[in-house]
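Structure first, commentary second.
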Amino acid sequence: MTAETAPAVGAALPAARRRPVRPGRLGLHAFLMTVSLAFLAPLLLAVYASLRPYEETAAHGYFSLPRNLSFDYYRQAFTDSGMSKYFVNSLIIAVPGVLLALFLASFVAFAVARLRMRGGMVLLMLFTAGNLLPQQVIVTPLYVMFNRIPLPYWMSESMTMYDSFWAVIAVQVGFQTGFCVFVLANFMRTLPLEILEAARVDGAGVWTQYWRITLPLCRPALAALGTLQFTWMYNDFLWALVFVSDGDKLPITSALNNLRGQFFTDYNLLAAGSVIVALPTILVFLLLQRQFIAGLTLGSSKG
Amino acid sequence: MPLPTMRPAPRARAGRRGPRRFTRRDLAVLGVLLGLPVLLDLAIVWGPTLASIGLSFTSWDGLGEIRWVGGKNYATLFTDYPQFWPAVRNNLLWLGFLGLVATPFGLFLAVLLDRGVRFSRFYQSTLYMPVVLSLAIVGFIAQLVFSRDQGALNAVLANQDHPVDWLGDPDLNIWMVLIAAAWRHTGYVMILYLAGLKSVDASLKEAAAIDGASERQTFFRVVFPTLRPVNVIVGVITVIEALRAFDIVYAINHGRNGLELLSVLVTDNIIGEASRIGFGSAIAVVLLTVSLGFIATYLVQELRGEKQT
C-alpha cells in the first residue's frame, strides 16, 4: 500500500490531480510499472520465442540471449499449417455470428425495454440465465442433435449439421444472444421514451419504431457489444472442438491445437501460432479500446 | 462472462399506459422477430439443458438404445469414479483463488488507477491486455513460461540443476494454471471496478473527507458499499468462470495428471472413445446444479434492486 503515504484528505478528491511528484507517488508508479511489466512479460516472451529456432531454445532455454532471429515460424505456420485458411474459417463463423446475435437480441431488447411487453421480465431472465450456464451442460444434447439434423450437400459436406459451420454459428448465436439482450435492454431503458411516443402518434409501426427510430440511437451500444462479441466468438475454443471433426473446418483458435505434434511439440512454432491468433484480438482491442471496455461495462455503471 | 446489472428503469412505472393496439403487420413482425430468438434460445440452451438432466438418468453410448438406469450414474460418479473428487477440488480451488486472490487484486489495481495517476492509460491498457486473449492461448503461453527444461521461470530462478516441473508435477501444476487464469481475470475485474469507481459521486467522498474520515475509511465505509451492483456482477463472473474453466487446462495437457476439472470430465465422456453420454450428462448436471444456485441468487438480487426504484 505505497499509496497510503499521500495525505488522506486531499487524495480522494479528483481535484488533487497534477501535484508535484512525491515519494508516495513514485512508489505507486514503481508498483504499477512492476505489475504492468509482469503482465506484459508472458506476451513478450511468446513473441520472442516465436522468432527463435527450436534448436536454440532447446539448448539455452527461452530466457536466453538470441543468436538467430527470423520469421521462419510465421512462414511455416502460414504455408505448412494453413493458418490463413483457419483464419478465414474464424471469420466465416464470427462475422455472421455477431451480426445475427446483435440483430436478434436488439429486437428482443426493444420489445422488452421499449414496448414493455407483458412477460418481458420473464424473457429477460430466460435469456440472461441461459447465458450464464456452463457450456458443458448443453454440449452433449447439442452434439447428439446436430448429428441427427440432415443438411443438403451444398450446405454441409458431412450431410449433417454436425461438422459444419452452421452448427458452430447456431450455437454461438443462441448462446451469446442472451448476453446481448441483457446489455441492450439495459441500454435502451436509458433512451428517452418521448421519441418513440411521437413516432407512434405519427402512425409508425413496430418495425419502423425498432429499425428507424430505436436502432440508430443504439449505435454506440451496438458498436461496443459487437467488438466484444467478435472477440469472444473468435476466441472460442470449445464449440468448434466438439462440433467440428474435419480439421479443415476448424476456426483458428481451435486449430492451434493442431500445431502440436503427436509425439513432439515444437513450442516455438506453437508460440508463433499463438501470436498469430492473438494478434487480431490485440489489434481490435488497441484500435477499439473504448468500445471494447464500454461493451464490458455497459449498463454496469453510468457511463 | 461479464454481466452488467439491470439498471433501474427511470420511468418504468410512470410511463405505462393502457393496452396498445397493434396492427396485423405489427403482430407479424413481433411474432417472427420475438419468436426466432426465443426458439433459438430454447433449442440451443434450455432444451439441451433439460435433455442433459434427462440423459443423466440413462445409459447410452450415443448410437444404441437409451436405457433408463435411475440414479446409477450419480452413485457411480460419487463413489466409483476416481477423477470426480479431484475435479471438484480443482474447481473449488479455482473459485477460491479467483475469488480471494485475483478479484481483490483487480479491485486494488482499480482503486490505485482511479486516483488519477499519470500514465494511467498505459497501465490500464497493459493490465487489460490479457483479457482479450483466448483462454486457450493463455494455456499455450503458460507452457512457455512454466515448461521444465526450457521455460522462462526455471531460467529466471536459475535452478537448471534441479529444474522444477511446474506443469508436470500433479501437486504443483494446478497452482501454475491458476496463476495463468488469474492473469486474465485480474484485468477483467479491474475494468469493471474502474468503471464503477468512475461513476461514484465525488461529493460523497468529499463529504466523508470533510467529516474527517481517513482514506481507508472513506473507501470501505462510503465508496465500497455504493459499488454493490459491480460487486454482484464481479461475484457472478468469478463463480461462472470458475465453473466454466476448461480451455486453459485443455490446451496444456487435456486436463489430466492433476489438472482434472468437471468440464473436462464431461467433454472426455462425450467425445472420448467411450462415449458414455449418460454418465457425462450426470457430471454436467452436477455443474448445472451448482451454477443454477448462483444464477438464481443473482437474479433475485437484480429483481430486488429493480423493485426498489
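Using N, Cα and C of the backbone, Cβ positions are placed for all residues, glycine too.
Pulled from TrEMBL, these are the features on record:
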type: TRANSMEM; residues: A:26-49; note: transmembrane segment
type: TRANSMEM; residues: A:86-110; note: transmembrane segment
type: DOMAIN; residues: A:87-288; note: domain 'ABC transmembrane type-1'
type: TRANSMEM; residues: A:122-144; note: transmembrane segment
type: TRANSMEM; residues: A:164-185; note: transmembrane segment
type: TRANSMEM; residues: A:221-244; note: transmembrane segment
type: TRANSMEM; residues: A:267-288; note: transmembrane segment
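Tallying C-beta pairs under 8 angstroms between the transmembrane segment (A:122-144) and each of A:26-49, A:86-110, A:164-185, A:221-244 places A:164-185 first. If you look at the transmembrane segment (A:86-110), the same-chain residues 6 or more away from its ends with a CB under 8 A from one of its CBs are 123, 127, 165, 168-169, 172-173, 176-177, 179-182, 184-185, 187-188, 209-210, 214-215, 218, 222, 225-226, 229-230, 233-234, 240, 249-253, 255, 276, 280. Ranked by the number of CB pairs under 8 Å to the transmembrane segment (A:26-49), the listed stretches A:164-185, A:221-244, A:267-288 are led by A:267-288.
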